[in-house]
Amino acid sequence: MNPVNYLYLAALLFTIGAAGVLIRRNAIVVFMCVELMLNACNLAFVTFSRMHGNLDGQIIAFFTMVVAAAEVVVGLAIIVSLFRSRHSASVDDASLMKL
Amino acid sequence: MSATAVHSLWTMAGGVTSAAPDEKFKAPVIEYTQLTPVLIVIGVAVLGVLVEAFVPRRARYYTQVFLAVAALVAAFAAVIGLAAAGYGTTKAHIAAMGAIAVDGPALFLQGTILLTSLVAVFTFAERRLDPESHGSRVDSFAAQAASVPGSDSEKAAVKAGFTTTEVFPLLLFAVAGMLVFPAANDLLTLFVALEVFSLPLYLLCAVARRKRLMSQEAAVKYFLLGAFSSAFLLFGIALLYGYAGSVSYAQIATVVDGSIQQIDPALADTMGNDVLLLIGGAMILTGLLFKVGAVPFHMWTPDVYQGAPTPVTGFMAAATKVAAFGALLRLLYVVLPGLTWDLRPVMWGIAIVTMVGGAIVAITQTDIKRLLAYSSIAHAGFILAGVIAATPQGISSVLFYLATYSFVTVGAFAVVTLVRDAGGEATHLSKWAGLGRRSPLVAAVFAVFLLAFAGIPLTSGFSGKFAVFKAAAEGGASGLVVVGVISSAIAAFFYIRVIVLMFFSEPKADGPTVAVPSPLTMTTIAVGVAVTLVLGLAPQYFLDLASQAGVFVR
């Protein structure tokens, strides 16, 4: 199959993730959408790696996975601490500092 | 490209390796001596984590402060050593198999980041501002970040005299990422460095001792928006990699300007596709402009600056901006000079809305930290004007501006930590009324910082702004200079308004008190004032230094 199709899929996944970040209101779901965007990037990297016939893209995909894992650790820690003090993980409720 | 052609790339490559079994795997060459600044900071940060695990609680604070200060001083000495050995000028080159550039801008910015972090560490370590709780001195950070604010477990932690000494290793990890960020010479290193300095900052935002709900809220906002923007950056990297078949800056630059020698069929196929290049470049710029807080991507700045513990705000406002502008400069001057004309209208637009928007919205602010946040947005716009200049003077003026701006920022936020009432820091502007009558020295120092932000002559803000606008005008961006001067005038209005409020209005009966800090914060503020005045009165030496350093290695 033509590898370009995977690029379309990656762009689609990225767009779904970005739309989710903007639309969803639960911090955990927003964060999952960000992870979807990172995975879309991985798919694009691997596809380009295949097209160019070098391994850079596949190596970068590994780095992205490690970074995403580190981000999950930090992100969940922050979101859980917010949830414990407010009993809500909604990003709309977190509005102490509106102008 | 057909499926069989794609497939042959892999099968052919496999055939070649099996045909030449003698060819050994070559170990990468890494110039460890030239990477010492980064290695020192990362090494001590790891050591700091071990200190948390093994050193008794009583001794941790002193151990961590000592380690952090020693690491930053040693790393700064290493930067000076490298610069003295000529790595900033004649011996500038690309180290670590093309991953890190050791050149003038990288060393200059690393030195600036290390010095600002050093003075910021002093504000992190300050323990005399809050009243003693249960017989132990406390700093600005939560007794136990994991405990729910107001809960029994938090009260127990406060009573036991716990402090979050983890902030020092976190700060060092962030500094390590910032040191790599402006020196990154391939897109993968750029992305990893971005995450290495962002993740500790997200955590640092969440651990304020007072007003922790606000602090956690700031952390969540910063984290979600930061992760969102780094996903954009990463997709941009993927597209540029697809365009050029490599993530190395040099390789991408040759593909962009068409001077590449060897073109294989796959590269010829993607090179013709400008959509990859333009969208990829724009997405990477989005990620970087988010970090500098330029206007369409500035939404996080006021909330995060207001909610984060003030020492963290000062550090973040100064050092992140230096690192991110360094990376932005390198990207625009080394990777995408071929796109200068395509990007020019976009960058002009962003610079203009950033300068004007930051200055105008700042007028309506009633909280001193939010006011400084919008002022930092306006400053990002002024620096962007220098970035757009696209001349060697543009680079050196931006380097100089970043050096001046970062010290003023750390100093200003250090002063904000001093003005306190029963609820912690009194950040509402109405509380600052008459501060000049009650404590003239603090008010006078803050006035110096505000005048420097406003760009009044004899302060560093003026020489920085002058250098940037001069470079922009010579680089053919006179329109930007006009807008810049107008928005400086607007910005001067609200800086002067704060000064008038401090000196010419009656102090309130229930006004805040000014805490007497330990020598730590005094050092921070004194260094800030000294740098502001020295760079304002005698900037020539540092301007020369910046212009010597202003050449990127390719």
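Any Cβ shown, glycine's included, is placed from N, Cα and C.
The domain 'NADH:quinone oxidoreductase/Mrp antiporter transmembrane' annotation in TrEMBL covers B:184-490.
As annotated by TrEMBL, transmembrane segment applies to B:67-87 (among others). Panel annotation: around the transmembrane segment (B:67-87), residues 34, 36-38, 40-41, 43-45, 47-48, 51, 93, 102-103, 107, 110-111, 114-115, 117-118, 121, 124, 168-169, 171-172, 175, 179, 549 of the same chain, lying at least six beyond its termini, place a Cβ under 8 Å from a Cβ of the stretch.
The transmembrane segment feature in TrEMBL is assigned to B:107-125 (among others).
Sequence-distant contacts of the transmembrane segment (B:167-184) (same chain, six or more residues past either end, CB-CB distance under 8 Å): 37-38, 41-42, 44-46, 48-49, 51-52, 64-65, 67-68, 71-72, 75, 99-102, 105-106, 109-110, 113-114, 117, 120-121, 124-125, 141, 190, 192-201, 203-204, 207, 312, 315, 319-320, 322-327, 329-330. Annotation comment: TrEMBL describes B:167-184 (among others) as transmembrane segment.
Look at TrEMBL and you will find B:220-244 (among others) tagged as transmembrane segment.
Among the features that TrEMBL reports, transmembrane segment is placed at B:275-300 (among others).
Per TrEMBL, transmembrane segment is recorded for B:312-333 (among others). Residues 101, 105-106, 109, 112-113, 116-117, 120, 123-124, 167, 171, 174-175, 177-179, 181-185, 190, 193-194, 197, 201, 204-205, 249, 284-285, 288-289, 291-293, 304-305, 340, 343, 369, 372-373, 376, 379-380, 383, 387, 390, 395, 398, 402-403, 405-407, 409-410, 412-414, 552 of the same chain sit 6 or more residues outside the transmembrane segment (B:312-333) yet have a Cβ under 8 Å from a Cβ within it.
Same-chain residues lying 6+ beyond the ends of the transmembrane segment (B:345-364) with a Cβ under 8 Å from its Cβ atoms: 282, 285, 289, 294-296, 298, 371, 374-382, 384-385, 387-388, 477, 479-480, 483-484, 486-488, 490-491, 493-494. The transmembrane segment annotation in TrEMBL covers B:345-364 (among others).
What TrEMBL records for B:371-392 (among others) is transmembrane segment.
Residues 105, 108-109, 112-113, 115-116, 119-120, 123, 126, 129, 140, 310-311, 313-315, 317-319, 321-322, 325-326, 329, 368-369, 372, 376, 379, 382-383, 386-387, 425-427, 431-432, 435, 442, 445-446, 449-450, 452-453, 460-461, 463-465, 467-468, 471, 512-515, 517, 521, 524-525, 527-529, 531-532, 535, 539, 542-543, 546, 549-550 of the same chain, all 6+ positions outside the transmembrane segment (B:398-419), place their C-beta atoms under 8 angstroms from a C-beta of that stretch. Sequence annotations record features per position, and here TrEMBL assigns transmembrane segment to B:398-419 (among others).
If one looks beyond the transmembrane segment (B:440-460) by at least 6 residues along the same chain, the residues whose Cβ comes under 8 Å of a Cβ in the stretch are 375, 379, 404, 407-408, 411-412, 415, 418-419, 488, 491-492, 495-496, 498-499, 502-503, 514, 525, 528-529, 531-537, 539. If you look up TrEMBL, you'll see B:440-460 (among others) marked as transmembrane segment.
Taken from TrEMBL, the feature transmembrane segment applies to B:480-504 (among others).
Residues or ranges marked as transmembrane segment in TrEMBL: B:516-538 (among others). If you look at the transmembrane segment (B:516-538), the same-chain residues 6 or more away from its ends with a CB under 8 A from one of its CBs are 119-120, 122-123, 125-129, 403-404, 407-408, 410-412, 414-415, 417-418, 445, 448-449, 452, 457-464.
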Counting only residues at least 6 beyond its ends, the same-chain positions whose CB falls under 8 A of a CB in the transmembrane segment (B:480-504) are 348, 351-352, 355-356, 358-360, 362-363, 365, 368, 371, 375, 378, 381-382, 385, 388, 429, 432-437, 443, 446-447, 450-451, 453-456, 465, 468-469, 472-473
